[in-house]
There are 2 protein chains.
Amino acid sequence: MMHRLRSYMPILYWGRTYDSSAFSNDLIAAVIVTIMLIPQSLAYALLAGLPPEAGIYTSIAPIVLYAIFGTSRALAVGPVAVVSLLTASAIGQVAEAGTAGYAIAALTLAFLSGGFLVVLGVLRLGFLANFLSHPVIAGFITASGILIATSQLKHILGVSAHGHTMPEMLGSLLVHLGDINWITVLIGVCAAGFLFWVRGNLKPLLKRLGTGPLLTDFLSKGGPVVAVVATTVAVWAFGLADQGVKIVGDVPQSLPPLTVPGLSFDLLGALLVPAILISIIGFVESVSVAQTLAAKKRQRIDPDQELIGLGAANLGAAFTGGFPVTGGFSRSVVNYDAGAETPAAGIFTAIGLAIAAIALTPLVYFLPNATLAATIIVAVLSLVDFSILWKTWAYSRADFTAVVATILLTLGLGVEVGVAAGVAISILLHLYKTSRPHVAEVGLVPGTQHFRNIHRHDVETSDSVVTLRVDESLYFVNARFLEDLIQTRVTQGCAIRHVVLMFSAVNEVDYSALESLEAINARLTDMGVGLHLSEVKGPVMDRLKRSHLIHELNGKVFLSQFDAWDQLSNREVSQAAE
Amino acid sequence: MMHRLRSYMPILYWGRTYDSSAFSNDLIAAVIVTIMLIPQSLAYALLAGLPPEAGIYTSIAPIVLYAIFGTSRALAVGPVAVVSLLTASAIGQVAEAGTAGYAIAALTLAFLSGGFLVVLGVLRLGFLANFLSHPVIAGFITASGILIATSQLKHILGVSAHGHTMPEMLGSLLVHLGDINWITVLIGVCAAGFLFWVRGNLKPLLKRLGTGPLLTDFLSKGGPVVAVVATTVAVWAFGLADQGVKIVGDVPQSLPPLTVPGLSFDLLGALLVPAILISIIGFVESVSVAQTLAAKKRQRIDPDQELIGLGAANLGAAFTGGFPVTGGFSRSVVNYDAGAETPAAGIFTAIGLAIAAIALTPLVYFLPNATLAATIIVAVLSLVDFSILWKTWAYSRADFTAVVATILLTLGLGVEVGVAAGVAISILLHLYKTSRPHVAEVGLVPGTQHFRNIHRHDVETSDSVVTLRVDESLYFVNARFLEDLIQTRVTQGCAIRHVVLMFSAVNEVDYSALESLEAINARLTDMGVGLHLSEVKGPVMDRLKRSHLIHELNGKVFLSQFDAWDQLSNREVSQAAE
């Protein structure tokens, strides 16, 4: 019982051995992450189309819940760019931004997403995330980065624009181009320039100046805070809000409120598919970060328990005024680099953010939205990486096709269509490839018992024995293909007495393929040609034994291809000698 | 040029060698098929919800067009039960039965279906039909047979009812149960009983009586005609139409009219998906009949050209007042058994039906619908065959699941949902199976160079060399699986110095799997363990050579597993001896 409980609540493991050394390391990491998260939380709320306090709330309860249920020791959970974009796109379809319905839709989305993740976790269905191939994810993240950066341009330009796809957003920006507020542009461009400089040049500079590593970390992660403070002060001092610079304004001073997601049938129905999409993309992103960090310390994470951890975090967001969350890449790396040893670092971060929510919110009244937009743009442009295009082009045209389709469709038709098309295209291309399997005619490599393709290697062959190595599992998609292929091959050579199907690469024979094999056997029997199988794997043989095929087979099943060759070609030789 | 034209118009081949012997054989077959087709055509028009003449028209132009473009010498094209049911279901969603819009929708459906088939054929995409697995087709045909028989009960009972799923149809029948016309029931039950008797008992009886085979054929195929004539005469003689027995009524005396399908964007959009479904199901059914019959005479059919032949037939139906057609099983078998030698038999059948359309239509005025319904019920009940359930249960639970889902969803939610779900479930189950591949740890079978599973065979193994035979292509769905598996296996044994991945069953390594292999290589390098590959197939190796993996691999790629074993375990032995 206790064991079972612990497997669902990893905190019960590491909590028992928690000591003061771990405590001080966790605390330092938490301070650094908190400083980084305050502007990020506000910015991602802006990206999701929600009031700024929602970003802070979203970073408190979810972090604590993940610390209890999650298995990664370094993962930092909260609002992240791609999931915030997906949130904006999903709830933008059911409610107007800025309305109460919009905030409730965000809660509902987090609730559905959390519920779905928990269900997947309890049913141990984490493997579903594998349906997103690496190239599709890479293409999707890159396209999302571009979409997000574009979506923030309106804040930098100080115009109102809308849309969830590139054509919509660019068109809307062009229409409003006359309304540009140049003071806002100045603030946004300066903030972005400063943040790019901090990201690229500050750390090397501090190192050259001989600053200690901890201080370097504080200073370089503090870049956004400096930008926030400087632009806020500027807006306040020069009264820029009266010049049309949009500011954050009133943010309630409060701990996260207790909220209830909207549970109307219509709302749940409309948000179900986006919630599933958000869950899976968030999970995949989070798990790869967690796995990368765990591998560095030879720790293990349990993907199915991660589903429960992330699910709990999202449910937490749903009941405390938040929106969907997942494990973020940059904040987790910062957490890890800053020395976090256990999920307690997350709990301390949550405490830090709770203090900020109560004490610091009045200070961001004059914070310009353009600064937050600059923070987002600088963060997401690091996600944009087109190298996957030439990497896949060089290696596999099928993967390349999937990447290109994902990128173009994400940019052109939106995130949901893009990722769904990426998954569908990957699967269809895989099925297409397996529908026309490679079949090699093989012969004996002289001096060995090894058989290889007659067109690639110098091998011994026989006129009367044809050996075909089928390089694919046999299942409905390619069942008929093999029938045609054998028919064609056998009618080519009149001397053929035996056909051996070498099954070393056949990992499955489904019912459709079984019927095809029976048809092949019947046809070859009519033609006086023997049909033999060799190197049939255990699991395949177990199943074939339950069918008629093995009894009706006019030839034999050989353990190894060499046995088959030895017996069949020798038999021919001795018959010829008679 | 001529060769190319001939490959698209097979009539140019067989037409040149046509002689009088073939002519007389074809003519006899045509007469038998025509007698069989007259009541069948009327009945399938009734099933599709169209006026009876549409059935006759649908059997004329399409047959001629298939004779020109098709490759099967025995296939008889026309309205068939399952496609008529699909037609009724599809056009019932866009128009009311009996209206002009309904007939136009049928033309449009045939037009779309024909166009789709021709496009598939020209693009040589016939393999798409393989996505329907044998068990899914078997389940679908069985469920359709039940649906069709149920849909005809209203004609036997003489009530009006509607619906395209079992619950709808049964509910509707129950509601109208009070309106039963007992004279209609009497006619329907007698006709059905007679037809069942003809099907089961007439042929053996005639044989015992010593009737010649040709006459036996005429008489047994003429069963429906006898039922038609007898019940028509009865209705006329006793004035039963005034007693509420529904009759066929006026049928225009005319050759097929020239018609134009409706081409409004809405109509095309609404019928596109059903048209694709009808095309693929019709094609699969037709091709399997054609292949079966061709194999008996060692002839070949070309599936891609078949697409064009069936496509032309459907386009013909669209422009001559018809509805979607395909190659029918029973009529093709009759045609074949009656001695048809070339597609000219089809052309003669079309001439026979054209004569019937002009001369015989007044004679069916008093034909009761109940007789036609009885014809349909007797024909389709032979399609119902549940044996696929236990056959797949014994062989493969995945196939069984797909069959059960197809049957239940077809009966419960309709033909379109049923077949789509069948395809989707087959694909998902396949992906699921490949997502958790079988991986065997293998050792050397003593006295051979053959390696097999250590748990199934008595084999030689080594503590320092672990050989894993991965029984699946490596692609995105299972890429992470292998990472976890190797990690787990290597941390189990401290003496492990080399891991050999035996790639004999790996038919593809996609980009996601490549990244996983690179990660595995990096991790094993850190642990001081060598990673080697053996028996990598040509096509897989060609691609791997274009990647970084081969250069970065800390071990070697061996041609055969025996080479790998020989070198790696000997090296260990010699190192131990030093």
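Cβ atoms are placed via backbone N, Cα and C, with glycine included.
The transmembrane segment annotation in TrEMBL covers A:27-48, A:101-123, A:135-153, A:173-198, A:218-238, A:267-295, A:307-325, A:345-365, A:372-390, A:402-429. For A:455-554, the entry in TrEMBL reads domain 'STAS'.
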Stretch contact, the transmembrane segment (A:402-429) with the transmembrane segment (A:345-365), Cβ-Cβ under 8 Å, 3+ pairs: no
The transmembrane segment (A:345-365) vs the transmembrane segment (A:27-48): 3 or more CB pairs under 8 Å: yes
Within-chain partners of the transmembrane segment (A:27-48) [C-beta distance under 8 Å, separation at least 6 from its ends]: 54-56, 58-59, 76, 78-81, 84-85, 87-88, 91, 106, 148, 151-152, 155, 214, 217-218, 221-222, 224-225, 227-228, 248, 323, 331, 334-335, 338-340, 345-349, 351-353, 356, 360, 364, 367, 369, 371-373, 375-376, 379
Spatial neighbours of the transmembrane segment (A:218-238) far in sequence, C-beta under 8 Å, 6+ residues away: 32, 35-36, 38-40, 187, 190-191, 194-195, 198-199, 202-203, 206, 211, 245, 247, 334, 363-364, 366-368, 370-371, 374-375
Distal contacts, the transmembrane segment (A:101-123) - CB-CB under 8 A, six or more residues away: 48-51, 54, 87, 90-91, 94-95, 259-263, 267-268, 271-272, 274-276, 278-279, 282-283, 304-308, 310-319, 321-325
Stretch in A:173-198, A:267-295, A:307-325 most in contact with the transmembrane segment (A:372-390), if contact is a CB pair under 8 A: A:173-198
Same-chain residue ranges lying at least 6 outside the transmembrane segment (A:267-295) that approach it to Cβ under 8 Å: 71-75, 77, 80, 82-83, 86-87, 89-91, 93-94, 104-105, 108-109, 112-113, 116-117, 120, 126, 128-129, 131-132, 137, 140-141, 301, 303, 306-307, 310-311, 314, 324-329, 332-333, 336, 415-416, 419-420
Surrounding residues of the transmembrane segment (A:173-198) on its own chain - C-beta under 8 Å, 6+ positions past either end: 153-161, 220, 223-224, 226-227, 231, 234-235, 240, 243-246, 368, 370-371, 373-375, 377-378
Mean of the pLDDT scores, which run from 0 to 100, over the domain 'STAS' (A:455-554): 88
